[in-house]
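Q: Here it is, the structure in full.
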Amino acid sequence: MPLQNDRLLRALARQPVDRTPVWMMRQAGRYLPEYRETRGQAGSFMDLCRNAELACEVTMQPLRRYALDAAILFSDILTIPDAMDLGLYFETGEGPKFRKTVRSAEAVDALPVPDAERDLDYVMNAVRTIRHELADSVPLIGFSGSPWTLATYMIEGGSSKDFRHAKALMYGDPAAMHALLDKLARSVTDYLNAQIRAGAQIVQIFDTWGGVLSTPAYREFSLAYMARIVEGLIREHEGRHVPVILFTKQGGQWLETIADSGADAVGLDWTTELSDARARVGDRVALQGNLDPNVLFASPQAIRDEVARILASYGSGPGHVFNLGHGVSQFTDPDHVAAFIEALHELSPRYHG
């Protein structure tokens with residue numbers, strides 16, 4: 001069946017649309033009271049991810065509230081390292097942690113490469129359940145963390161401020177780091193292809209920590225592996241193109257090389273001006289972004305003003321997907337998200353047609 005709303009797919013292909021499409025990173029999440037209620041039913045965060053019906057429910061919640069142009073699979077970027085038997089757990093207020101770390105060539109060699117269909121079948125069950133529930137209303141976005149970003153969590157044992165263990169391995173034993181990234185690139189390719197086969201119509205690679213690298217290190221240890229993944233992905237499924245979005249937080253200085261990766265779109269955080277990004281790479285890729293999520297803590301008028309500024313910065317014509325520059329904060333007022341979406345719907349049509 002054709003999609004009732006293919007606005008996002010058209011924008012990613014840089015084809016004309018009637019208004020700028022919008023979705024939000026972490027649009028299903030803790031800022032919504034209904035999410036908190038469902039999370040309470042599930043028990044732990046990973047129990048929520050592993051229950052296809054509940055993962056579907058929280059995926060659908062923001063679409064019931066807001067006129068969004070896509071659903072994004074409710075899951076976590078750390079499902080792959082979890083399937084590598086590193087013992088993922090969540091500390092209240094501290095985020096994800098691993099019971100085991102990977103800090104040597106021997107530890108890298110010992111890592112199993114998961115089979116996505118077998119070891120991450122709960123994710124594919126969620127994708128299938130969500131696609132059925134969506135009933136072709138809007139497209140479903142699947143996702144993964146990038147190899148470099150996954151590696152940082154596996155080496156550090158959780159999130160980090162300085163990434164000293166990851167960078168020590170990268171500079172001190174680059175062969176071991178490349179071996180780890182190679183395993184992860186193969187795993188991510190398999191994982192995203194399994195999501196596409198299960199029904200994901202768009203995929204995004206989240207390179208949350210690529211921006212902490214030097215330019216040569218970014219190209220060698222992050223972007224090269226994302227480009228390899230893009231090359232290995234299923235790009236046609238269910239009779240249509242499957243777009244790929246790459247998002248490196250704080251990666252605006254590398255737009256040209258990211259645009260050469262083979263991806264259809266590049267995600268931007270709020271530190272890169274859209275007009276500048278469009279002038280540099282807008283003839284090659286669509287651009288996604290880039291409202292600072294903290295703008296949503298301001299008044300509805302201030303939110304509207306910033307939406308207007310970003311739309312004007314991109315300018316007229318296709319190729320822009322409106323999003324936040326990072327995930328929506330758990331402390332955001334849902335009514336302020338509504339003000340954001342309403343402002344976009346009201347203001348963006350003048351830039352199209």
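Cβ coordinates come from backbone N, Cα and C, glycine included.
Take a look at what Swiss-Prot says about it:
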- Arg26, Gln27, Ala28, Gly29, Arg30, Asp76, Tyr153, Thr208, His326: substrate binding site (BINDING)
- Asp76: site 'Transition state stabilizer' (SITE)
Q: Quick check on the binding-site residues Arg26, Arg30, His326: which one has the highest count of other Cβ atoms within 10 Å of its Cβ?
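A: Checking each of Arg26, Arg30, His326, the winner is His326.
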Q: Report the same-chain neighbours of Asp76 (site 'Transition state stabilizer'): residues 6+ apart in sequence with Cβ closer than 8 Å to its Cβ, ordered by sequence.
A: Phe45, Met46, Cys49, Pro96
Q: Within 10 Å of the Cβ of Ala28 (substrate binding site), how many other Cβ atoms can be counted across all chains shown?
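A: Neighbour count, Cβ to Cβ under the 10 Å cut-off: 24.
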Q: Taking DSSP three-state, what's Asp76 (site 'Transition state stabilizer') in: helix, strand or coil?
A: coil
Q: Just checking a number: largest C-alpha distance across Arg26, Gln27, Ala28, Gly29, Arg30, Asp76, Tyr153, Thr208, His326 for the substrate site, rounded to a whole Å.
A: 23
Q: How many other Cβ atoms are found within 10 Å of the Cβ atom of Tyr153 (substrate binding site), counting all protein chains shown?
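A: Within a 10 Å radius of the Cβ of Tyr153 (substrate binding site) lie 26 other Cβ atoms.
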